[in-house]
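Down below is the structure, laid out as structure tokens.
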């Protein structure tokens with residue numbers, strides 16, 4: 001029975017891995033965006049973490065996960081002589097890589113961490129049925145990589161500590177690599193392994209060789225990571241230059257995050273946010289069951305004494321010191337806590353668990369900013385389909401320039417636009433984020449040309465004659481359907497505003513959770529607007545009355 005359940009959950013994980021939801025900008029801009037430009041020559045816009053004077057992100061742990069698959073994909077296409085892989089193929093290839101890493105490494109680690117066979121099956125199924133495993137863990141997050149590194153770090157700590165007669169040299173080397181990769185991936189990594197790592201002290205005391213190997217290889221991998229990062233950020237630097245004047249990204253990251261003024265730019269939260277808000281959001285009914293187990297028993301429950309629980313709770317406590325606290329920072333806690341907690345057979349819990357994860361799975365795995373990636377992939381085709389001449393020929397087609405305004409969405413990844421080698425097209429993407437509607441309208445007023453300039457109208461209009469063949473400048477607006485401010489430009493009375501929006505494309509599976517204005521509209525009206533008007537639209541902006 002458990003095998004059939006696990007296989008079914010595996011198919012569910014595949015479905016969500018290939019669903020283009022968008023959980024946080026970091027999943028694109030701190031990984032794929034970086035390497036797509038260098039490996040596949042796609043347009044890319046690097047975030048400040050990689051462009052500041054003191055960069056805080058390392059490429060050392062990212063290269064094998066993102067650059068290597070992209071490089072292999074490019075090599076495969078070159079060998080077949082079929083050009084460059086499309087952004088869509090590259091995007092879903094990376095999702096497939098993350099799925100495989102989750103399926104193989106995460107599930108394997110859980111199997112290793114749970115000692116009793118009957119508990120292993122329940123733990124693996126429980127972790128596999130979590131919406132966090134379906135969504136966050138199959139997306140290109142550094143937090144997802146951190147989960148794999150933390151779980152395997154605990155596996156190796158257990159293996160090394162359990163060896164009484166041998167030095168476990170190979171395990172120490174691998175643990176050194178995992179430790180260095182974890183620290184260079186995210187500076188939060190040591191918080192999860194610091195307390196469990198104390199188990200190694202007796203072994204290191206009995207077997208000094210293990211300690212020597214761990215430290216020596218740790219230094220080697222650290223130097224390697226520093227050299228790779230330094231030469232990435234300063235390509236002209238030699239190995240000696242990198243050693244003399246190194247760029248140590250984890251140190252830069254730590255110095256940045258210890259300043260409250262820097263964290264305030266990203267949002268400050270109360271110190272109890274992780275324990276009282278983020279963990280319940282990630283664990284749902286399992287969190288309630290864990291609290292009840294503490295309440296109902298006078299002694300400390302056995303699950304609370306496990307290595308997984310110690311790692312998760314000590315890590316959460318250490319991360320709670322910092323005032324910037326997002327749920328994704330606790331992704332490693334989910335498999336750790338679910339694998340150590342022993343649930344009694346309860347129909348109420350099973351029903352609540354299924355409802356919670358199905359609801360959050362579809363919300364976060366399908367609808368959450370779900371239109372950004374498909375629309376960005378479709379933008380070149382949308383523009384080309386609406387600018388070709390009536391004979392649909394690419395010959396003598398003037399070069400097209402398009403300004404695309406993204407409003408009330410997450411930042412669109414530039415690399416998903418691809419090379420546009422099949423159509424003479426220049427795309428200027430502008431991220432307006434969540435600016436007020438009046439400011440967005442002012443931006444449109446400045447960009448949309450008057451009727452006399454013969455711009456902003458697609459070439460397929462029946463009135464587009466030979467004298468208007470030079471219409472090559474277009475302004476598009478991409479915004480959620482729930483943005484009611486745009487209704488004044490899309491209705492029949494749009495002419496009174498001087499601008500009108502003509503719908504060109506719509507992607508229905510999109511919900512903007514950052515547009516919940518409960519204070520102004522009220523709860524029910526807000527939910528009706530955001531969930532009732534699902535979808536992400538692409539509009540052509542032009543002057544009203546232009547034919």
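Positions of Cβ are set from backbone N, Cα and C atoms, glycine also.
The N-linked glycosylation site feature in Swiss-Prot is assigned to 391 (among others).
Proximity of residue 419 (N-linked glycosylation site) to non-local residues of its own chain (separation of 6 or more, Cβ distance below 8 Å) is seen for 41, 42, 84, given in sequence order. DSSP assigns residue 419 (N-linked glycosylation site) to coil, not to a helix or a strand. Positions annotated as N-linked glycosylation site by Swiss-Prot, on the basis of sequence analysis: 419 (among others).
Swiss-Prot lists 5-25 (among others) with the feature transmembrane segment, giving sequence analysis as the kind of evidence.
Positions annotated as transmembrane segment by Swiss-Prot, on the basis of sequence analysis: 58-78 (among others). Long-range contacts of the transmembrane segment (58-78) within the same chain, counting only residues at least 6 positions beyond its ends with a Cβ under 8 Å from a Cβ of the stretch, are 30-32, 34-36, 38-40, 84-85, 89-90, 93-94, 97-98, 101, 140, 142, 145, 180-182, 184-185, 224-225, 228-229, 232, 249-250.
Listed as Cβ neighbours of the transmembrane segment (96-116) (distance under 8 Å, sequence separation of 6 or more from its ends, same chain) are residues 10, 13-14, 17-18, 65, 69, 123-124, 127-128, 133, 137-140, 144-145, 147-148, 151-152, 154-155, 158, 307-308, 335, 339-340. Taken from Swiss-Prot, the feature transmembrane segment covers 96-116 (among others).
Under the heading transmembrane segment, Swiss-Prot lists 175-195 (among others), citing sequence analysis as support.
Under the heading transmembrane segment, Swiss-Prot lists 208-228 (among others). Long-range contacts of the transmembrane segment (208-228) within its own chain (CB-CB distance under 8 A, at least 6 residues past either end) are made by residues 58-61, 63, 160, 167-169, 172-173, 175-177, 179-181, 184, 200, 239, 242-243, 246-248.
Positions annotated as transmembrane segment by Swiss-Prot, on the basis of sequence analysis: 348-368 (among others). Counting same-chain residues at least six beyond the ends of the transmembrane segment (348-368), those with a Cβ under 8 angstroms from any Cβ of the stretch are 12, 16, 19, 21-23, 129-131, 134-136, 284-286, 289, 509-511, 513, 534.
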